[in-house]
Amino acid sequence: MTAILERRESTSLWGRFCNWITSTENRLYIGWFGVLMIPTLLTATSVFIIAFIAAPPVDIDGIREPVSGSLLYGNNIISGAIIPTSAAIGLHFYPIWEAASVDEWLYNGGPYELIVLHFLLGVACYMGREWELSFRLGMRPWIAVAYSAPVAAATAVFLIYPIGQGSFSDGMPLGISGTFNFMIVFQAEHNILMHPFHMLGVAGVFGGSLFSAMHGSLVTSSLIRETTENESANEGYKFGQEEETYNIVAAHGYFGRLIFQYASFNNSRSLHFFLAAWPVVGIWFTALGISTMAFNLNGFNFNQSVVDSQGRVINTWADIINRANLGMEVMHERNAHNFPLDLAALEVPYLNG
């Protein structure tokens, strides 16, 4: 006699909901992190689109001089941005119900806080969803670990830096030219180009691009021929095939002779781990650098560090960078400062009569 045991299906509405949320058979996996990710990212995206098109000018510096950022107020795709929350609000939590009216909320840049906080929560949940799906499929968790690098970078720019500087008005504007403005001001105030963690980030991003191009070109150049001259080489691969699609020995031999033997990986697994780890670690360091500079632990300062035997300064590139930083800083928020600090130290000429 054969007994057939079947798993008892939950008949409750909550049970069916749980099964649907955690099912890996859905076209798109939702997961418990997705329950929070979907509404937060939809909210951030919707408010961003509406504000980018139609938001009124924002008093970013808190001096009653609003700055326009939306398309309907004279901007284009390049110059448009979501203007950060006003310096008058600082780090205060500023939802719509904290303002006297919607007009006041818009004037003080409330949409920026709403978008940024929902966005950060959403991308963090996306990272958790990657881990959750990997766990349910029996995969290793490194996809979520790799994604933690851009999550850390976004958190550093949109949350940690404003906290360190004391106001959301110091956060990065959500737009193309606003991003460039943020970068220039960051250099002027923190000398980020001379910070070792930023240098590691540059090495990670550009090095990752180089290694990706090298790997892709090596693989493409050492494909195992499965097609004729008149067919695309891509037709020689069938999704899910067990056979190797390229000759790693040939790629290893080529690269080893091009540079030297030990510069080439002979293990496909360690190679792909390296390709993932290099840019991720670099971006981690950049996020850490932004987070330290948020509290004014700035880049190295070698200004006027080289002098001759008479004590006279021999200008170096560090001094050139310093002059550029001063120029950028005095142009920043020029209407907010009656006496820019870099100019206030100059002696005022005495006029007789």
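A Cβ is built for glycine as well, from the same backbone N, Cα and C atoms used for every other residue.
Which of 29-46, 83-100, 245-262 counts as transmembrane segment depends on Swiss-Prot, and there it is 29-46. With the fewest other C-beta atoms within 10 Å around its C-beta, Tyr126 stands out among the recorded positions Tyr126, Tyr161.
Just so you know, of the binding-site residues Asp170, Glu189, the Cβ with the fewest other Cβ atoms around it within 10 Å is the one at Glu189. With respect to Cβ neighbours within 10 Å, the recorded positions His190, His272 differ, and His272 shows the lowest count. In the three-state DSSP classification, Tyr126 (pheophytin a binding site) falls within a helix. Among the recorded positions listed here, namely Tyr126, Asp170, Glu189, His190, His332, Tyr126 has its C-alpha nearest to that of His215 (Fe cation binding site).
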